[in-house]
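Heads up: the structure comes next, in structure tokens.
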Amino acid sequence: MDETNILQHLHQASLGERFLIERVDIQGELKRRLLDLGFVPGAVIEVLKASPLGDPISYRVAGTVIALRQEESQLIWGKVMPS
Amino acid sequence: MRTYTIALAGNPNTGKSTLFNALTGLKQHTGNWSGKTVSLASGYYEYKNSRFRFIDLPGTYSLFSNSADEEVARDYIVFEKPDVTLLVLDSTALERSLNLALQVLEMTDRVIVCLNLMDEAKKKGIKVDAGKLAQKLGVPVIPISARNNEGLDTLSEQLLLMCTGSIRTTPYRMKYNERLEEEIAKLETELKLIVGDEYPARWLAIRLLDGDRKLIDTLKQKLAASDRGGMIYGAAKALGSTNR
Amino acid sequence: MEQLKRLEALTGSIPADQVDDVRESIVGELFKKSRELCAEAVTVTDRERLYRSERLDRIFTSKLWGFPIMLAMLGVIFYLTIAGANVPSSMLSSFFGWIEGYLTAAFEAVHAPDWLHGILILGLFRGTAWVISVMLPPMAIFFPVFALLENYGYLPRVAFNLDRLFKKSGAHGKQSLTMAMGFGCNAAAIMSTRIIESPRERMLAILTNNFVPCNGRWPTLILLASLFMAAGFSGGVQTLVTASVVMGMVLLGIVVTLTVSWTLSKTALKGVPSHYTLELPPYRKPKILNTILRATLDKTIYVLRRAVIVAAPAGVLTWILANIYIGDTSILLHFVQFLDPFAKALGLDGFILMAFIIGLPANEIVLPILLMGYLATGSLTEVENMFALKQIFVDQGWTWLTALNMMLFSLLHYPCGTTLFNIWKETKSFKWTFLSFAIPTAIAILVTFIVAQAARALGWV
């Protein structure tokens with residue numbers, strides 16, 4: 001999987017950055033839930049705000065705001081978009 | 001007086017329960033987090049000598065039976081066949097709402113879409129072109145604000161027109177990638193022979209490809225029940241036609 | 001049957017191993033189309049206004065201000081509740097006293113026997129009236145204010161702020177939402193734990209929900225805090241001190257919740273927190289009048305119903321127990337004397353423990369039962385005057401330690417009967433229902449014991 005070397009995971013993106021999802025590296029129920037919320041390949045999401053204790057982090061996705069813990073955001077791969 | 005059944009479907013937090021309360025006057029607390037409506041609430045509403053029976057389906061993000069809520073909502077729309085499925089969309093988060101809407105349009109053509117929270121959208125500087133959406137989706141699209149009782153008359157009128165058969169819809173059907181479409185087409189032909197016009201064959205084909213075991217089980221039960229009970233009109237016709 | 005066979009053959013022909021991929025492309029295409037439709041039909045005229053919610057989040061979930069704001073909100077709600085409930089409470093109390101006068105006169109006029117008057121007026125009527133006058137006003141203030149916050153969309157932010165703590169203790173982030181429900185009613189909160197999908201974390205939420213003081217325990221906490229902790233102050237400061245003490249109790253409840261969750265996660269309910277997603281819906285200005293009216297009405301009906309269903313029979317039962325004698329002591333007193341040595345070790349007394357035991361069906365009747373027990377006649381006096389009430393306690397040898405430990409016991413002890421029943425219904429397990437009774441009870445006994453012994457050893461009482 002060379003691809004992984006080029007791609008970053010979502011947790012690496014900084015606050016305020018826009019991120020293009022290419023791969024959701026999760027199986028089963030959580031994957032289905034994330035897909036339903038708009039974390040789909042091809043979607044551009046924006047990193048909004050960290051919780052006061054640093055984790056979780058909120059993201060703007062499909063016109064809504066969803067918070068994910070680090071464990072999940074590390075499994076969503078893609079690229080930070082140039083601003 | 002004729003009674004028509006209307007199923008309310010939508011994402012959590014789109015004001016679906018608020019609309020339900022506004023129309024039926026039933027008391028029900030609407031909370032600001034998902035998953036609050038667990039069971040099916042129903043209520044009545046009279047309009048121009050007709051009675052609408054509203055069923056408040058659980059608020060869901062999709063209808064893929066990831067959870068019990070989704071299964072309940074999905075089964076109701078497909079198997080109970082309400083006269084109209086009323087889709088409540090959040091005008092302020094249309095992208096995610098439309099994801100659900102497109103799924104419902106695959107299941108039934110008796111759909112009316114209402115764009116709720118129009119007041120919020122206006123406040124946030126979001127303009128939604130309802131006419132354009134109606135044209136693209138092929139079903140009526142009505143802007144409303146349930147909590148301010150705005151647009152409910154137009155909505156009632158459209159509901160009545162659809163119930164009495166005065167509105168014909170041409171719902172937009174999703175096109176998937178080539179590989180998927182090929183497989184869908186194959187399955188759809190087969191399924192059409194099995195269920196006829198009783199259930200949406202294309203949608204069933206997609207669900208089958210998606211490995212939706214629970215749906216298949218429910219479908220089997222329905223088929224077995226109608227087998228015992230006599231016949232499914234459409235299916236009997238379809239089967240008859242293959243024998244020729 | 002033909003159809004079934006065909007369907008069977010058809011489903012058998014579909015490979016099951018690529019299901020997630022199929023789903024990914026289906027949902028991917030659905031969202032692509034949704035984006036397309038949005039691009040055509042939606043225009044955003046003002047980006048600034050669109051992201052107002054997110055700017056508010058920068059304050060409400062800020063590193064610096066997130067927690068202080070949360071505490072301040074909680075404090076303000078308590079302050080409003082305590083400050084606002086006093087006057088209506090005593091008005092209701094005098095109102096019921098006034099009615100009682102007429103009822104008693106009516107009983108005398110028809111020469112009703114004393115025992116009938118005792119059961120119906122001194123037991124049933126006073127018990128019910130007490131619960132209504134003490135509970136209704138604070139609940140009718142607390143819940144509308146709480147509902148405003150809820151409808152504004154603040155609660156998910158609380159879950160967002162606190163998530164890390166719950167994760168560390170092995171619990172689900174949505175547990176803070178079910179805890180918020182617990183402020184209203186633990187029994188209802190047990191049902192609301194359905195929003196937590198993972199069975200392990202749901203069980204944690206069920207087992208610890210009781211550490212959030214409910215509807216039925218607020219009045220006890222508020223009353224004891226104002227009579228004993230804030231007695232040395234007057235006016236606004238007194239309310240402030242009361243509110244702070246009650247808030248301290250709530251915070252302690254949260255600490256205990258996290259500790260118990262953590263311990264269970266390491267022992268009986270081993271496991272790592274499951275995945276989850278939390279939506280932060282936009283802030284919405286609530287329909288203020290509508291929300292207040294609805295919440296007030298809902299709560300009023302709820303309190304009145306509980307008063308009639310639980311408080312009334314408990315009042316009757318207590319009166320009977322206090323007025324049937326074995327030898328020269330009433331059944332109630334026999335029971336109290338039996339409990340007394342143990343209760344004393346916990347810094348309580350036999351009457352208090354008896355009230356908690358008879359009060360198992362509902363927390364709101366604990367204080368009325370206690371008062372009935374204290375008064376020789378076995379019935380309640382009118383409590384128009386708070387000093388009179390405190391005098392009753394002091395006459396029974398109460399100190400600040402008694403009050404503190406009764407508050408602690410109330411906060412930490414076993415859930416009420418309705419809650420236990422719901423836990424059984426939801427878990428269908430005798431073992432877990434029993435544990436949800438045993439864990440809090442053991443903690444309540446342990447904490448009150450340690451506090452009592454420490455305070456006595458240090459010579460504070």
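Glycine too: its Cβ is placed from the backbone N, Cα and C atoms.
Secondary structure by DSSP for the domain 'Nucleoside transporter/FeoB GTPase Gate' (C:134-225): 74 helix, 0 strand, 18 coil. Feature annotation from TrEMBL assigns domain 'Nucleoside transporter/FeoB GTPase Gate' to C:134-225 (among others).
Residues or ranges marked as domain 'Ferrous iron transport protein B C-terminal' by TrEMBL: C:246-295.
Taken from TrEMBL, the feature domain 'Nucleoside transporter/FeoB GTPase Gate' applies to C:306-429 (among others).
Residues or ranges marked as transmembrane segment by TrEMBL: C:64-85 (among others).
Under the heading transmembrane segment, TrEMBL lists C:130-155 (among others).
Under 8 Å from some Cβ of the transmembrane segment (C:216-233) lie the Cβ atoms of residues 81-82, 85, 134-135, 138-139, 142, 239-242, 245-246, 249, 306, 362-367, 386, 389-390, 393, 398, 400, 403-404, 406-407, 410-411, 416, all in the same chain and six or more residues away from its ends. Per TrEMBL, transmembrane segment is recorded for C:216-233 (among others).
The transmembrane segment annotation in TrEMBL covers C:240-264 (among others).
Marked as transmembrane segment by TrEMBL: C:351-377 (among others). Sequence-remote contacts of a segment are chain residues at least 6 beyond its ends whose Cβ falls under 8 Å from one of its Cβ atoms, and for the transmembrane segment (C:351-377) they are 122-123, 126-127, 130-131, 134-135, 214-217, 219-220, 223, 306-307, 310-311, 314-315, 317-319, 322, 332, 335-336, 339, 342-343, 383, 389, 392-393, 395-396, 402, 406, 409-410, 413-414, 416-418.
The annotation transmembrane segment is assigned in TrEMBL to C:433-455 (among others). Outside the transmembrane segment (C:433-455), and at least 6 residues removed from its termini, the chain residues within Cβ reach (under 8 Å) are 206-207, 210-211, 256, 260, 268, 345-348, 401, 404-405, 408-409, 411-415, 420, 423-424, 427, 461.
Listed by sequence, the residues of this chain that lie at least six past the ends of the transmembrane segment (C:64-85) yet keep a Cβ under 8 A from its Cβ atoms are 137-138, 141-142, 145-146, 149, 154, 158, 161, 218, 222, 226, 236, 239-240, 242-244, 246-247, 250. Helix, strand and coil residue tallies for the domain 'Nucleoside transporter/FeoB GTPase Gate' (C:306-429), in that order: 88 helix, 4 strand, 32 coil [DSSP].
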